[in-house]
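As written in TrEMBL, here are the features:
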DOMAIN    A:14-225  domain 'Cytochrome b/b6 N-terminal region profile'
TRANSMEM  A:43-71  transmembrane segment
TRANSMEM  A:92-112  transmembrane segment
TRANSMEM  A:127-149  transmembrane segment
TRANSMEM  A:161-182  transmembrane segment
TRANSMEM  A:194-216  transmembrane segment
DOMAIN    A:228-398  domain 'Cytochrome b/b6 C-terminal region profile'
TRANSMEM  A:248-268  transmembrane segment
TRANSMEM  A:306-325  transmembrane segment
TRANSMEM  A:337-355  transmembrane segment
TRANSMEM  A:367-387  transmembrane segment
Amino acid sequence: MATGLHKSDFANPVIRWVDARLPVFTMMQKEYGTFPTPRNFNYLWNFGALAMVNLLIMIVTGIFLAMNYTAHTSMAFDSVERIMRDVNYGWLLRYAHANGASMFFIVVYIHIFRGLYYGSYKAPRELLWMIGVVIFLLMMATAFMGYVLPWGQMSFWGATVITNLFSAFPLVGESIVTWLWGGFSVDNPTLNRFFSLHYLMPFVIFGVVFLHVAALHITGSNNPLGIDPKGPQDTVPFHPYYTAKDSVGLVVYFIVFAVLVFFFPNMLGHADNYIPANPLVTPPHIVPEWYFLPFYAILRAVPDKLGGVLLMFGSIAILFVLPWLDTSPVRSMRFRPLARPFFAVWCVTFLVLLYCGGKPPEEPFVTIARVCTAYYFLYFLVILPLLGRLERPLPLPESIARPVLRGGGPLPAGAMGKPMEKA
Amino acid sequence: MSGFPTLRALALGLGLIAAGPAFAAGEEVELPNTRFSFEGLFGHFDRASAQRGFQVYKEVCASCHSMHLMSYRNLRQIGLSEAEVAAIAATVQVTDGPNDDGQMIERPGRASDRFKSPFANEQAARAANNNAYPPDLSVITKAREGGADYIHALLLGYGDPPAGVQVAEGLHYNKYFAGHQIAMPQPLSEGQVEYHDGTKATLEQMATDVTQFLTWAAEPEMEERKALGVKMIIFLTILGGLAYAVKRKVWHDVH
Ligand code: HEM
């Protein structure tokens, strides 16, 4: 590519001057202004933008919290309470940050659900999807370490239980745990490093989100029909169409967020975390934050510690290879009559796991969690690969602009079986 | 939109189920639900009740329980005057210093001091209480499942154990305490304090008042929070209407 000034289309001389030397305005115009976007999004396509906003809220509230927070075992708990009492609007910062983490996971879970239902992980968006799974993992690590910072009973015991999982690995396990702790128990060094990393990770997430969006703008967005736009009649420019539509979703998101922060700020938390950490008193039920419960249930479903740890990590790792496990060429489940009920059951399984994870490890929850864990993996490892071969997809519409079928559209290459008759 | 509503319902269910685990732990006796003035969207603290509650705390609970996150000046918020707060603070001696000679000094408390703790440290507290630790009460209503209802019930939950239940030496039967055997002797009894405002100090009255006070202490921001919340929701609802109208207008030619 030749060097030299960029040819800018902007009329304003200042913007034009900058844009010619650093075409950020052209980039924004291209990626968020005129960017051709499928015209048929439903409101589930709001959640990416919501996650982005949520990340920014976490960073802003977090930075102000960090100005008043003290990362020392003898002061952390009181410093958080001091933020709530003596810092101007400190209670708002703290409750927005704590509930913001919950909102973040609600948003991202729905975002992932959207991807699963509409097959957004399939070619050509495999890498985009995998980057998303990386973001999810980083979020979990960030939230886990954040929850340790207020140094309440659940902070301490949650950290102890979760870091101890690594001791399940043979030979190196114990050393890894000592290394994570910076000592021989969860203590001040642990709190300090967790604070440092908790401050760092969101910015790493921000970088990975950038890659996520960059990859998205190469492949373009998927859509509820799961078929590619065939021309300009199938798309609208991102602005003003989707800026307007995202704004509606954003306000609804803020209403839900506000109800939590202003009226039920501690509903999703655990009362025990308002008891200062005490290494000598183990709480009767140690439970992680609600958004980890499905994975916690999988961990506990396995009688063997190492097996549980592997299965828990496996439950997320499997998402990385999902694009190759799902063999159906049809993206959207709207046209997959068999896959749909199996997926619905998978969603129920996930919610039941979430429920079981919050229960004490006793019957009937253990058995229920085991059945659900089995189905969780069965769905990805057996059902999806087989469905691609056995299922007869419904006829796909010819294009997004003409979704009404006249005699059925072309079958995607590679789909087995005959298209079903129109009901 | 075929098949979508079921899945949408599932997605919404996620949020609801998520709330479950927070309430799920334990199988204690069901708590009676007490009506407090601070409940609900427009809830506010009953100043007179909170002041009486402070009196109960000061005259009864404070001999065992600290509230180290509270300062005397905070009491202004429940309606005590500057002079009253100064007088209350001055009743305690606090250790300050070191002075220019390197000596620690004792001086009367000031409004800016934290509530004075009854014991120097946890060991001293345990030594005086049969090896049980009376927890700090600053955030107690946030730190127990059931919150204010639990504290209220706990204070009224003393009584004779049911037939066949052996209460261990130094412990007391309490219907609502986990395990039903608590190291705290029944702290309140009929007419235990003489309220400044002439209210009759029944057991129920004192329990309600001290719970009101402790809830305020745990969440002093609650009134401000809820008031701001109501404004936020109204603002966002209007903004949402506008955003939706704009969206409809923008999409007019596409649909
Ligand atoms: C991905 C974004 C983030 C997530 C998911 C997250 C999550 C959390 C969580 C779950 C807590 C515990 C809340 C509680 O119960 O008190 C927390 C606390 C905290 N976070 Fe974050 N956080 C994020 C970003 C940040 C950033 C960028 C900063 C600083 C620059 C920060 C600073 C803090 C501080 C100081 C605390 C302790 C105060 C408190 O507990 O409220 N966080 N975070």
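Glycine too: its Cβ is placed from the backbone N, Cα and C atoms.
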Distant-in-sequence neighbours of the transmembrane segment (A:161-182), which means Cβ under 8 A and at least six residues beyond its ends:
144, 189-190, 192-193, 286, 288, 299, 305-306, 308-309, 312
Is the transmembrane segment (A:248-268) packed against any residues at least 6 beyond its ends, judged by a Cβ distance under 8 Å, and which are they?
43, 46-47, 49-50, 53, 91-92, 95-96, 98-100, 102-103, 107, 289-290
At a Cβ cut-off of 8 Å, and with pairs 6 or more apart in sequence only, do we get at least 3 pairs between the transmembrane segment (A:306-325) and the transmembrane segment (A:92-112), yes or no?
no
The transmembrane segment (A:337-355): which same-chain residues, six or more beyond its ends, come within Cβ distance under 8 Å?
113, 116-117, 290, 293-295, 297-298, 328, 368-369, 372-373, 375-376, 379, 383-384, 387, 390-394, 420
For the domain 'Cytochrome b/b6 N-terminal region profile' (A:14-225), what's the mean pLDDT in this predicted model?
97
